[in-house]
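These come from Swiss-Prot:
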BINDING   Ala33, Ala34, Ala35, Gly36, Ser37, Gly38, Lys39, Thr40  ATP binding site
DOMAIN    12-485  domain 'UvrD-like helicase ATP-binding'
DOMAIN    505-805  domain 'UvrD-like helicase C-terminal'
Amino acid sequence: MIENWPKKPEGSQWTDDQWKAVVANGRDILVAAAAGSGKTAVLVERIIKKIINEENPVDVDRLLVVTFTNAAAQEMKNRIGEALEKVLIDEPGSQHIRKQLSLLNKASISTIHSFCLQVIRGYYYMLDVDPRFRIANQTENELLKEEVLDDILEEEYGIEDNTIFFELVDRYTSDRSDDDLQRMILALHTESRAHPNPEKWLDKLVEAYDVEGKTIEDLVYASYLLEDVKFQLETAEQHIRKATELAMLPDGPAPRVETLQADLALLGTLSSAARESWTSVYEAMQNVSWQTLKRIKKSDYNEDVVKQVDSLRNKAKDEVKKLQEELFSRKPESFLRDFQDMHPVLEKLVQLVKVFTERFQAMKRDKGMVDFTDLEHFCLQILSEQSEEGEMKPSAVALQYRNKFAEVLVDEYQDTNFVQESIIKFVTKDSESEGNLFMVGDVKQSIYRFRLAEPGLFLGKYKRFTQEGLGGGMKIDLAKNFRSRHEVLAGTNFIFKQIMGEEVGEIDYDADAELKLGASYPEGEDVAAELLCIQQTEEEVIDGEEGAEVEKAQLEARLMAQRIKAMVDSGYEVYDRKTDSMRPVQYRDFVILLRSMPWAPQIMEELKLQGIPVYADLATGYFEATEVNIMMNVFRVIDNPMQDIPLAAVLRSPIVGLNDEELATLRAHGKKGSFYEVMSSFLKGAPLEEEKELHDKLEWFYNLLQGWREFARQQSLSDLIWKVYGETGYYDFVGGLPAGKQRQANLRVLYDRARQYEATSFRGLFRFLRFIERILERGDDMGTARALGEQEDVVRIMTIHKSKGLEFPVVFVAGLGRRFNTQDLMKRFLLHKDFGFGSQFIDPRKRIKYTTLSQLAIKRKMKMELIAEEMRVLYVALTRAKEKLILIGTVKDATKEMEKWLDAREHSEWLLPDHIRAGASCYLDWIAPSLYRHRDSEILLELGQGSVPDEIYGYDTSWKVEVVDGNTLLAPEPVQEEKQELLEALREKKAVPLESERKEEVYDRLMWKYGYEEATSHRAKQSVTEIKRNYQSEEGSDNAFIKKLRAPIRTRPRFMEKKGLTYAERGTAVHAVMQHVDLKKPITEEVIREQIAGMVNKELLTFEQAEEIAIEKVISFFDSDLGKRVLAAKSVEREVPFTMMLAAEEAYQDWQGQSGESILVQGVIDCMIEEEDGITLIDFKTDTIEGKFPGGFDQAKPILEERYKVQLSLYAKALEKSLQHPVKEKCLYFFDGNHVIKVEE
């Protein structure tokens, strides 16, 4: 009992809570260990105390210690061993300690999968499994699944009168393939295996759709959605209450108050109905009627306040409108009919899943292999049996393990799943109040839901257990952080006290959850946490969203490079615990954390340009590496030489070494047939004198190829690979190239991959190539081979997930403005552990589809879980920092975002309103509103404190909040002052104060003039848009751009400029619609509106862009003479990309270089039509005309024609070169005013 626990020794460094976690026993114990709280040390100490307990010592092999990774298990064993050896020094005669050291290697300190394997190896005879089984390779597993599924579906297609199956196919597949159906079966199989009883979970999924005799109130989906209805109505009420407060201000629109009170009454009626039943809300929603606002004389009131009041009211109305449209536009009974109709189809789908699972298990059994989920389920099968009631209960084997283990200790408990929880439950005592289960973790760091981890298991116990442990389990909070400075902890607390709550975030960030200072640091300079929000540049992003992402990555990388270089150069100091002193920061002290790695290559490139050593363990790029790509093509040719593209790639590669002319010469010897056939034919004849060198190269390769093909039929794949490396000399060749060691390492990895493949159930070169194709199809490309150790003095770039458990003196968290990945919410079908299956209702006969109740509920639930998971990911990122935390994010429009974020100032509670937190689309949407309520926020100092209470406004944390103009980051930093004089002298070709024996040589080299200097000030690759700009620019070329880089000018961001969508964004949206208009359908408002909705669903347009599309203007084009010609044209091509070579003097007006220089020009032609008498080129424009030119279109026409003349001339030239046909007409079409300009040369 509690009073019998050993007292903490005098002078002990353990905190009271840590000591309690070390010695408490007699019940199940849950330790909520915050980041940096020393949980591993506590866990080791608890184990040691149990082993050396004088009254009741426990052998180490009577403890089951479950860790999250094999590395953690090994570290745990090492720590226990070291601790036991220290005890042995004090007690050299202790046989008990010696025994423990000998037992340690056999102790059950491992991952859950290793424990499962141990159980299965011991009791394999209870299963239908070969004891010599091996663990399946992931890709091998996927190939087997594909094989099994193909066989099952082929059988189903062959069954006559298989009505329900074909209805399933019609509803959930496209005309081209049944890939979607296959994905559904595999997803259901995977999700079911995350439950202790997969079949039972699948059966419940079908039962949920059996609504015979039920009302909508009986459905779990409806009850959950009603909670969401209450949430949204409460949000609407908050908007109206705030509007009322503003209206009652001295300069507020007081006449609005009466209407707002009526609004509150209406919302109150709806909220009351929501507390009753779905039917009540439905009926209330049919009677919603908003009062019309009374007209007021706006000059009598503060115009800004009036706008705010009206805006808040509109937001409230939009909340209700959204509910009406999504949930209450249909009668309750129509939702029930959806379930009735879908029930037999879903039943068939689940039957297919069960058949698949059975066949897949049988195939793995035949091949003597198991996967990781099999390990869990086989173990559970051994440890459990079925009771008379059909429930799972512990088996005789489980009871043996219960008797064996004195205690079961689980590390990282927050990442346990349902199956693992069941395994643990069966080997521990059955009573929480008298249990022997010790769990350690931090639910705030549970970030593996995508691996089916279930944080709800931790949360359930945390809510159920008490600190005293009376009548149940005990919970212990370890909140003291021994890792970080006060500034890091206080900054993290300040943010999470405002954003993490039970309703949104799944856990209250209360006093128990807050991080408390446990580490001592010397005074440091510049240790305040920072938020740097970058305003994206105003340059038009030609490449769309992808281009915008590239620019964001570049801007953030440039800013981080500048900061890292400045901190290193200035001697910024960090604390070194080993020497107990401050020391200058090193590159190894920095880490850049990202949510995912797509930006990593760009950040690495930018840091390298600044001379900063950097390392990232990239998970992609291996198969794109040149040397690997060439070798894969060699193997494709060995497998099947009739493939032209791989063969041409090999012939052109350094292995054979043909140039373009030689390749063309070979092709000219046989215009028909494959390259291989032409090569064979060419080698049979006697070569011409000028073709002898080509003949020798090809003969050498041809003979090698025949030998390799014969070798591949008889020998192993790995031997073949090494034979190719040796006989071509390619392995040695790449070793002599730049980054040669890296390239050779990549080729060795390919060899190792082949050896791993041959250890599977598959054999042969063809299967290996298919194996690699599957890896690439699944997006499982590997990173290039590691050629740099992680202990080097380099800046590290890693994902937040990879950083878990690590710590760094200086942490940059970048990409905070990137949107959360919500792709899972957009899938055609959704799966949830509690709510089962949800998809649209699809009627292929009527060709209609619409959202179902189950889909809405699951989507909402998954979104809230995603929000909670992203909060936890952010918590992990912020708590990696020891001394300095720098947060960086980029936004398109800082002014617009600030208007949204500053809403937080109007709330007086610590926890921000649910709708602000749940409505976040990126991390900045949480961080910025939180910091804009603190005194250190400059914008708050400008605009005032608002409703923020002093407790929040003056919270004891130090922040630097800054908005950085992206334009200033495009220019390099000024040259260091001490080098300026020398550089100026060199630039002016003056003598420099430096004596040298090679003075004359140095002088001659410095005086040397590059022969192609003119070309260095012009880009070798241009877009048509840039060339057009150059012609319009006073400076005439992008030479000005390069000059600007030499003289950086820093300007203040234009915060106060209010913007919606930019002209470029509007233009992009209109072009996207014109590209996708179905010309075979009648061009009506309904058709265009349906098309735009489809584009939004496919994420080709954003909602904001869709709202900006003037549909009537699109229709006007097709009603015009030019539009009718498009509809009647022989052929129509839209968004036609092109690349062509252009003389430099044609691209640059100021070109003074050598004639004959060319540049590469690329562009995209909006539309080209082919008519009987030739080709017409059309370019769509969204320029504003009406109201901009006093003289109307007559004044605008010559200006616009001159503006776009060069652009259309280049488009026409590109078409004429590629099609070998003249362009008869070049037209500009302006949507503003429905104007056409025919551009003449």
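The backbone N, Cα and C atoms fix where each Cβ goes, and this holds for glycine too.
Sequence features annotated in Swiss-Prot and their locations in the structure.
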| residue | record | Cβ neighbours (10 Å) |
| --- | --- | --- |
| Ala33 | ATP binding site | 28 |
| Ala34 | ATP binding site | 25 |
| Ala35 | ATP binding site | 23 |
| Gly36 | ATP binding site | 22 |
| Ser37 | ATP binding site | 27 |
| Gly38 | ATP binding site | 22 |
| Lys39 | ATP binding site | 21 |
| Thr40 | ATP binding site | 17 |
Beyond the site residues Ala33, Ala34, Ala35, Gly36, Ser37, Gly38, Lys39, Thr40: chain residues whose C-beta lies within 8 Å of the centroid, for ATP: Val42, Asp442, Leu478, Asn481, Phe482
